[in-house]
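**Student:** Please read through the structure below; I'll follow up with questions.
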Amino acid sequence: MSDADLFSKLDGACDCKSLLKKHCTKERFDAVKDKKTKFGGTIGDCIKSGCLNLDSGVGIYACDPDAYTVFANVLDEVIKDYHKVDKLDHPEPDMGNFEDPGFGDLDPSGDFIVSTRVRVGRSHDSYGFPPVLSKDQIVKMEGDTKAAFEKFSGELAGKYYPLEGMSREESKQLTADHFLFKDDDRFLRDAGGYNNWPSGRGIFFNNNKTFLVWVNEEDHLRLISMQKGGNLAAVYRRLCQAITTMQNSGLSFAKREGLGYLTFCPSNLGTALRASVHMKVPNLAAKADEFKAICEKYNIQARGIHGEHTESEGGVYDLSNKRRLGLTEYQAVMEMKTGVEEILKREKELEGAKGAKK
């Protein structure tokens, strides 16, 4: 389907509610329809998924880092709308003093927080995103990434498992560990996210299984630090040490002034950081309006532990920072910390009141 045909399909879809539909007007499309990025990408590469899947929420992916400049007339409007900001003035990266971040374990008793996780997305600045990558390029990028993994030592040391040629036993174990990612998302597939699958894809994790990296899943890199309990300081420190090691190894990550770190989907850019806990809040969750109000006040997203649009199980919720854009990495983590502490405080109050009534 040509770029013009894709746009016609979108333009004629009266019931489509995506941000792409809202912001990719005919005037804006016509202004960029003949432009190409330095990686060879077109506006059609960016809008394809949203045109084929009219039930998309966002509907647009960047075909490569340069798309955020070449197709800024559409992408900037989508970004401002999605991230609820008036202007694109994302600050310079700042992870703070991660060796001594000013916080520790959010739940020393271990009675409420089941686990803690912080992840970031990062993109190599010298490679395009999946729609414009050849098989040779994605394999070369995987090689660059593996070379950086070899610099990991101490707690970060581990092993890389490529998806291509993975044994059934390895696949079974990684699935059991919830480490394996799949190629079954139709939005990502139509965006070109699974082109040349499974070449160039893989998973690195450390020996303790508290740090892992997804290579070329959706983004070039998804770095994830996690562990049982509420020790946010340890989780954040490990992640920051890994990012620093990779940058010191010579990797350069794609950024744009005002937007921060660039990702395949514009919904993730900025800090591209998500800090979360799985926490037991059965008493507060039973007071749905109050729970929602606290989450909104502190910019916390609450969802079921199996991801977006899933229900809570046994009063356990996934609580994370809602904002990715317009604040530093350290501020994003602090925002999650503050919100979680308030939720924890209220849960303890409600549990105490319940106990007093008995």
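Cβ from N, Cα, C; glycine included.
Features from Swiss-Prot:
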type	residues	note
DOMAIN	2-84	domain 'Phosphagen kinase N-terminal'
BINDING	Gly57, Val58, Gly59, Ile60, Tyr61, Glu218, Cys265, Glu308	substrate binding site
DOMAIN	112-350	domain 'Phosphagen kinase C-terminal'
BINDING	115-119, His178, Arg222, 274-278, 303-308	ATP binding site
**Student:** So, by DSSP, how many helix, strand and coil residues make up the domain 'Phosphagen kinase N-terminal' (2-84)?
**Tutor:** 47 helix, 0 strand, 36 coil
**Student:** Just give me the nearest neighbour of Cys265 (substrate binding site) among the binding-site residues Ser115, Val118, Arg222, Arg303, Cα to Cα.
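**Tutor:** Its closest listed neighbour, by Cα, is Arg222.
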**Student:** Using C-alpha atoms only, work out the spacing between Arg222 (ATP binding site) and Ile60 (substrate binding site) and round it to an integer in Å.
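**Tutor:** Cα-Cα, rounded: 20 Å.
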**Student:** Sequence gap of 6 or more, C-beta under 8 Å: which same-chain residues meet both conditions with respect to Glu218 (substrate binding site)?
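**Tutor:** In sequence order, the residues whose Cβ lies under 8 Å from that of Glu218 (substrate binding site) (at least 6 apart) are Gly121, Leu188, Gly193, Phe264, Cys265.
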**Student:** Can you check which residue among the binding-site residues Val58, Ile60, Val118, Cys265 has the largest number of Cβ atoms within 10 Å of its own?
**Tutor:** Ile60
**Student:** Over the domain 'Phosphagen kinase N-terminal' (2-84), what is the model's mean pLDDT?
**Tutor:** 97
**Student:** Taking the Cβ of Arg303 (ATP binding site) as the centre, count every other Cβ atom within 10 Å, in any protein chain shown.
**Tutor:** 16
**Student:** Here are the binding-site residues: Gly57, Tyr61, Ser115, Arg222. Which has the lowest count of other Cβ atoms within 10 Å?
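**Tutor:** Lowest Cβ count within 10 Å among the binding-site residues (Gly57, Tyr61, Ser115, Arg222) is Gly57.
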**Student:** Return the member of Ser115, Val118, Ser276, Arg303 nearest to Gly57 (substrate binding site) in space, with distance defined Cα to Cα and candidates limited to these binding-site residues.
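**Tutor:** Comparing Cα positions, the closest of these binding-site residues turns out to be Arg303.
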**Student:** If one measures from the C-alpha of Ser276 (ATP binding site) to the C-alpha of Val58 (substrate binding site), what distance in angstrom results, rounded to a whole number?
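**Tutor:** Between the Cα atoms of Ser276 (ATP binding site) and Val58 (substrate binding site), the distance comes to 23 Å.
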